[in-house]
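Asker: Reproduced below are the annotations present in Swiss-Prot:
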type	residues	note
SIGNAL	1-22	signal peptide
MOD_RES	Q23	pyrrolidone carboxylic acid
TOPO_DOM	23-387	topological domain 'Extracellular'
CARBOHYD	T32	O-linked glycosylation site
CARBOHYD	T34	O-linked glycosylation site
CARBOHYD	S39	O-linked glycosylation site
DOMAIN	45-308	domain 'ZP'
DISULFID	C46-C139	disulfide bond
DISULFID	C78-C98	disulfide bond
CARBOHYD	N146	N-linked glycosylation site
CARBOHYD	T155	O-linked glycosylation site
CARBOHYD	T162	O-linked glycosylation site
DISULFID	C216-C283	disulfide bond
DISULFID	C240-C301	disulfide bond
CARBOHYD	N273	N-linked glycosylation site
CARBOHYD	N304	N-linked glycosylation site
CARBOHYD	N327	N-linked glycosylation site
CARBOHYD	N330	N-linked glycosylation site
TRANSMEM	388-408	transmembrane segment
TOPO_DOM	409-424	topological domain 'Cytoplasmic'
Amino acid sequence: MASSYFLFLCLLLCGGPELCNSQTLWLLPGGTPTPVGSSSPVKVECLEAELVVTVSRDLFGTGKLVQPGDLTLGSEGCQPRVSVDTDVVRFNAQLHECSSRVQMTKDALVYSTFLLHDPRPVSGLSILRTNRVEVPIECRYPRQGNVSSHPIQPTWVPFRATVSSEEKLAFSLRLMEENWNTEKSAPTFHLGEVAHLQAEVQTGSHLPLQLFVDHCVATPSPLPDPNSSPYHFIVDFHGCLVDGLSESFSAFQVPRPRPETLQFTVDVFHFANSSRNTLYITCHLKVAPANQIPDKLNKACSFNKTSQSWLPVEGDADICDCCSHGNCSNSSSSQFQIHGPRQWSKLVSRNRRHVTDEADVTVGPLIFLGKANDQTVEGWTASAQTSVALGLGLATVAFLTLAAIVLAVTRKCHSSSYLVSLPQ
């Protein structure tokens, strides 16, 4: 009976039985709720030279098993190699396979790919009962120390090999926290937030160098995917942050913390015609001698909306004049803008000098959780508040009615007692 009263009160106050469940829920990619305490449906094992991904066919925790053929790894669509049993699917892939991307940070080598569940209609039907899901996967290996089973024997590098060793530079592009002090712990964003990006080069024993972001492009899938469309330029024309020309306030940070580091912010966005909730940013990074004066080919320029002009991080202001009309040079980025992302690798390899002072680096995926002030959420909140107010009002009326009845019964009892005592 108590549970019935609780259910009645819950329905009265909350407006529906689905809100009466006290168990906390969280959302898997694709919007399917799963209890917090449940085991993870995707498990990753990072080995010395390969990764093993084990996927439960009950991917959404609903008891409905997904089809193994609907599961692939990476943009190459690597198929599962081993099926453990009827309820589990396993992928075995080398670290460099399945379109895996490698990124070098200060302390680690990061190999990243993604698990894709792309359901297809079965039995000639045109309906789907599960969602499309993209699960980011990362394997991190410490740069300091030995990850192999055999110890490395240190050796002296001959002098004639030292020059070539010193020419190797390590470029990186990382998502940072708002204070720029630490790397962002999770690549998740709401629309309306700002992404803090830090490009960096580790020079080692090289002569002092200054880093520049030549051009950056954003795509819903990793480059060089030939199907990367649509795309959006963030930086173009040898260092012009063109994304700041739109309604955003994207800009380079002034001053830069170190010559070998360049920081910039980008107002988060997503592609209107893309069903994916992910974003990849690929930047072409390059270096120049630290004592070289910035010019049209080596610059970092942001658009200032107040003055309606381009301003450099360092150097004379006139080096940014070409950003307004895009004729800084006949650069590979200009050709890239004409042909699109599918020509990225071909154009870069054809126009780039055959040296190690520039590189293409990708950060991602950036995962969108929806708008920070989503109208649907606001509408649900308003509806819930209305239901609660209505419920409280009805509960108050019921309480007052019950109190009136109790008071009336009490008075009647007192009156009856008085009448019975009169004959005495």
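Every residue gets a Cβ built from N, Cα and C, even glycine.
On a predicted model such as this, the values are computed, not experimentally measured, just so you know.
How buried are these features, and what lies next to them?
Answerer: Looking just at the topological domain 'Extracellular' (23-387), the mean pLDDT is 76.
For the recorded site, S39 (O-linked glycosylation site), the DSSP three-state label reads coil.
Under DSSP, C139 (disulfide bond) is assigned to a strand (E or B) in the three-state scheme. Long-range Cβ contacts of C139 (disulfide bond) within its own chain (separation 6+, distance under 8 Å): V44, C46, L51, L95, V110, Y111, S112.
Taking the Cβ of C78 (disulfide bond) as centre and 10 Å as the limit, one finds 21 other Cβ atoms among all the protein chains shown.
Contacts of C283 (disulfide bond) defined by a Cβ separation under 8 A and a same-chain sequence distance of 6+ are given as L173, A199, V213, D214, H215, C216, V235, D360, V361, T362, V363, in order along the sequence.
In three-state terms derived from DSSP, C301 (disulfide bond) belongs to an extended strand segment. Counting Cβ atoms from all protein chains shown, C301 (disulfide bond) has 30 others lying within 10 Å of its own Cβ.
Of all the Cβ atoms in the protein chains shown, 7 others lie within 10 Å of the Cβ of N273 (N-linked glycosylation site).
Using a 10 Å radius centred on the Cβ of N304 (N-linked glycosylation site) and all shown protein chains, the other Cβ atoms total 13.
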Asker: From the Cα of N304 (N-linked glycosylation site) across to the Cα of S39 (O-linked glycosylation site), what is the distance in angstrom?
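Answerer: Approximately 49 Å lies between the Cα of S39 (O-linked glycosylation site) and that of N304 (N-linked glycosylation site).
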Asker: So among C240, N273, C301, N327, all listed as recorded positions, which is physically nearest to C98 (disulfide bond)? Use the C-alpha atoms.
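Answerer: Result: the closest of the recorded positions to C98 (disulfide bond) is N273.
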Asker: Of all the recorded positions given, namely C78, N273, N327, which is spatially nearest to C301 (disulfide bond) at the Cα level?
Answerer: N327
Asker: Determine, using Cα-Cα distances only, which of these recorded positions is closest to N304 (N-linked glycosylation site): C78, C240, N273.
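Answerer: Minimum Cα distance from N304 (N-linked glycosylation site) across C78, C240, N273 lands on C240.
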Asker: Counting across all protein chains present, how many other Cβ atoms fall within 10 Å of the Cβ of N327 (N-linked glycosylation site)?
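Answerer: N327 (N-linked glycosylation site): 13 neighbouring Cβ atoms within 10 Å.
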